[in-house]
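What TrEMBL says about this protein:
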REGION    24-45  region 'Disordered'
TRANSMEM  85-102  transmembrane segment
TRANSMEM  122-144  transmembrane segment
TRANSMEM  156-173  transmembrane segment
TRANSMEM  179-200  transmembrane segment
TRANSMEM  212-233  transmembrane segment
TRANSMEM  245-265  transmembrane segment
TRANSMEM  358-380  transmembrane segment
TRANSMEM  400-418  transmembrane segment
TRANSMEM  438-459  transmembrane segment
TRANSMEM  471-491  transmembrane segment
TRANSMEM  498-521  transmembrane segment
TRANSMEM  527-555  transmembrane segment
Amino acid sequence: MAKEVEMTNTERALFDWESSVDSINKESIADPSQAETTTSTRSKRESMDIAGSVFLIASDGRLLSLPIPSESPSDPLNFERSRRLFIYATLLIHSSICMFAIQSPGNLYKAFLHTFTKEEMAPFSVETLSGSPTLMMGLSFFLWIPLSVAFGRRPIIIASALMMSVASFWAGFTNNYHQLLGAICVMGLAGGATLSTTILQLIDLTFIHERPLAIATFWCVGGGIPLLVLANLPLIVDVGKDYHSVYRGLAIPSIILLIVIFFFVPETYFLRPPVAFDGRVLVQSGTEKVRMYEEWWDVPGGDTRSIRAMENGLPNLTDLPVHTWRVTPLRIWKRSVCEPRAAWAGFIQIFLCMANPLVFWVTLLNAINFAGMMSIGIGFPVRMAEAPYHLPASAVSRVNFSAASGSFLALPAAFFMLNNVMKRLTLRNKGIRHAEFYLPAFVLPVVSGALSVFIYGFAARDKWHPAAYHVAYGLNAFSFASGSVVNTMWVTESLPQWAAAGIAVVGGVSYVASYGITAVLPMWNAAVGYVAVNSAIGVALLVVGLFAVPIAFWGKSVRQFISGRFSAYEGGALRPQ
């Protein structure tokens, strides 16, 4: 009786993929005269030619686990599920801490005015403390993402945790305005490193079908937690006089997360090699496609080894290192993934992405949505403190409960649109998932974002009941969270070979633009009124959102827009080779 051998993750994924490919081949061989003209065969071949289109669902309805993990214990897709969840939770909590640090200066406005005089703040102002972390976060996207491609994710996320720990401790004990401004700017740099690099780490840790839930949880839960803390902040400290206690308290979890990340979060940037399996070579490209070759010399860049020789040279599964949660702490980066030239290529890709219509469209949409969030976020505390409301700071801060609720509610809504709707469209398309199948999810941020600014504009002008501000800010938080999820999925899946550069453009441009918007919003409101300003934002959001319609029809061809010397470089791809 033959001994039953348990299949590894790699072997199971290879078997599923090979079975699916065999079914496609049989379908074509069954009727050679019709093989090239059938819709099924043609659509499956499209998935091999167009970046952003993958064969994801087999004919029997099974979701394929793509990309196929290697046998290396360093492959993040080979980590135990519990270890992947632990890393994910650690990164989510760290991101929440950074977001709290970036959002907190706006809630400590009165404490800063109570502590510093105009002479002490010159040549800056108290508004500089609120806007500077967002500006630094946006600018740092263009720095950290190329560096994460060149040196890996681990050194960047460790640097982020270290900067957050030092900056929060620094801000908690300084009484000098300019030192406080410096500490807050460092927090902005740390926040940019965290948000940009963590998104890439989540992609490293997940299969294609796992990403909608992972990305949605990161943005919705990770964004809702700091809002809950901000809502309770007046109950913990006197936000009108004391900012030191806030930053001293922030230093404690920051230091704890630094220790956890340093000892338990490994490098997730993994260069996945070709796989020898069943007498053939399977190569996974940076666009997450799997191509099959009969001999090693057929592989681009391959040598003259035969497949059997390559298979015989592979280590036995029992000889591989045992999976462990332990990380070598002093090994900040791996030489196997360290490629300094990737940083230069990353900068070039960022500038080229700005000219790509698929990236430019979603960047513009995100910037307009961010403008709406800044309009409401800056304006409602002022309006609720004025006549006829005259509400205390504790009552005004409770609006953050509504915002947190909106952020949490965005999780099931965004996941349904990205997962269930995508699966249904993929099944109807013979198992081929096109990136355009994520476009229906844009209805969530566009409609809720426009509705939120319309409500706020009329409520601020006509002095509606305070509940209107709760509804507007809750809808806006829902829009921002769901929009962040959909933007991330669209940019990374429509242009997988340019994923890192796309994230840098969408995130960096939006946050930098928000700094300028913050400066001019009070002047706009004073000049033309709340209704005109917010209605303009809402209409712009709806108009730009309509661009999803033509992209749904012509997106597949536009995905090949980027070309040039650096387009073949896959250092910033979802799965670099």
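Any Cβ shown, glycine's included, is placed from N, Cα and C.
Those TrEMBL annotations? Automatic predictions, nothing curated.
Given the structure is predicted, the values throughout are model-derived calculations rather than measurements.
The stretch in closest packing with the transmembrane segment (498-521), judged by the count of Cβ pairs under 8 Å and taken from 156-173, 245-265, 358-380, 438-459, 527-555, is 358-380. Ranked by the number of CB pairs under 8 Å to the transmembrane segment (156-173), the listed stretches 85-102, 212-233, 358-380 are led by 85-102. Of the ranges 400-418, 438-459, 527-555, the one with the most Cβ pairs under 8 Å to the transmembrane segment (212-233) is 400-418. Tertiary neighbourhood of the transmembrane segment (358-380): same-chain residues 106, 396, 399, 442, 445-446, 449-450, 452-453, 456, 460, 469, 472-473, 476-477, 479-480, 483-484, 487, 490-491, 494-495, 498, 502, 505-506, 509-511, 513-514, 517-518, 521-522, 525, 530, 533-534, 537-538, 540-541, 544-545, 547, 551, 555, 558-559, 561, selected by CB-CB distance under 8 Å and a gap of 6+ residues from either end. With a cut-off of 8 Å between Cβ atoms, the residues of this chain six or more beyond the transmembrane segment (85-102) that come close are 79, 133-134, 137, 157, 160-161, 164, 167-168, 184, 187-188, 190-191, 194-195, 198, 201-202, 205, 214, 217-218, 221-223, 225-226, 229-230, 250, 253-254, 257, 260-261, 264-266, 268, 325. Contacts between the transmembrane segment (400-418) and the transmembrane segment (245-265): absent, as fewer than 3 C-beta pairs lie under 8 angstroms at sequence separation of six or more.
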